[in-house]
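**Student:** Annotations for this protein, taken from TrEMBL, read as follows:
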ACT_SITE  GLU73  active site, proton donor
BINDING   HIS71, CYS101, CYS104  Zn(2+) binding site
DOMAIN    20-147  domain 'CMP/dCMP-type deaminase'
Amino acid sequence: MHTCIILPNKPTIIKSAVEKDDVWWMGSAIREAEKAAERGEVPIGAVIVRDGKIISRGYNLREGKQDPAAHAELIAIRKAAKKLGNWRLAGTTLYVTLEPCIMCMGAILLARVEKVVFGCYDPKGGAAGSLYDLSDDKRLNHRVTLVAGIRQAECAALLSGFFAALRAEKKRAKLQ
């Protein structure tokens, strides 16, 4: 279960200046997360942008596909690589509603994504500053610029609303 929180001791901006486009494109990631929620999936959405255009989209599909790797970021990365005909996603920015996990940050680094913008922190599984920070690990070959906390309250509300409804549903089922 994801817990998304607003961390007052964490800066909104980690390693890059916020651009107005970051706020705009996060809206597209939020819409992808809403698609996941409509399908009963944990509402996490992602988009990859290059040269001012969305080149791929993804949302969480773990439950529907019964695939532990069907995270929004990985789906978007795979689609972008296929569309571009290149696994190296140089010059791209990935927008995602929740801080990427270790698996997703690994894929982000391997795909050479230039910048990651995320909505809210994931203190139980985040690998972009909360639990771990793989973005600037000197032991790794690649680095990624991070911007955190963009439309954080909206991203957190999606997750907390989803899990509140899930808990209420389980509680009702127990009472019947």
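Any Cβ shown, glycine's included, is placed from N, Cα and C.
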**Student:** To test your reading of the Zn(2+) site: which residues beyond HIS71, CYS101, CYS104, same chain only, put their Cβ within 8 Å of the Cβ centroid of those residues?
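**Tutor:** The answer, listed by sequence position, is ALA72, GLU73, LEU74, PRO100, ILE102, MET103, MET105, ALA107, ALA127.
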**Student:** What is the interatomic distance between the Cα atoms of CYS101 (Zn(2+) binding site) and GLU73 (active site, proton donor), given in whole Å?
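**Tutor:** Given the Cα positions, CYS101 (Zn(2+) binding site) is 10 Å from GLU73 (active site, proton donor).
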**Student:** Hey, which of the recorded positions HIS71, GLU73, CYS101, CYS104 is the loneliest by Cβ count within 10 Å?
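**Tutor:** Checked HIS71, GLU73, CYS101, CYS104; of these recorded positions, fewest Cβ neighbours within 10 Å: CYS101.
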**Student:** Can you see whether DSSP assigns HIS71 (Zn(2+) binding site) to helix, strand or coil?
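**Tutor:** For HIS71 (Zn(2+) binding site) - judged by DSSP and reduced to three states - the answer is coil.
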**Student:** Hey, how far is the residue listed as 'active site, proton donor' from CYS104 (Zn(2+) binding site), Cα to Cα, in Å?
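**Tutor:** Per the Cα atoms, the residue listed as 'active site, proton donor' and CYS104 (Zn(2+) binding site) stand 6 Å apart.
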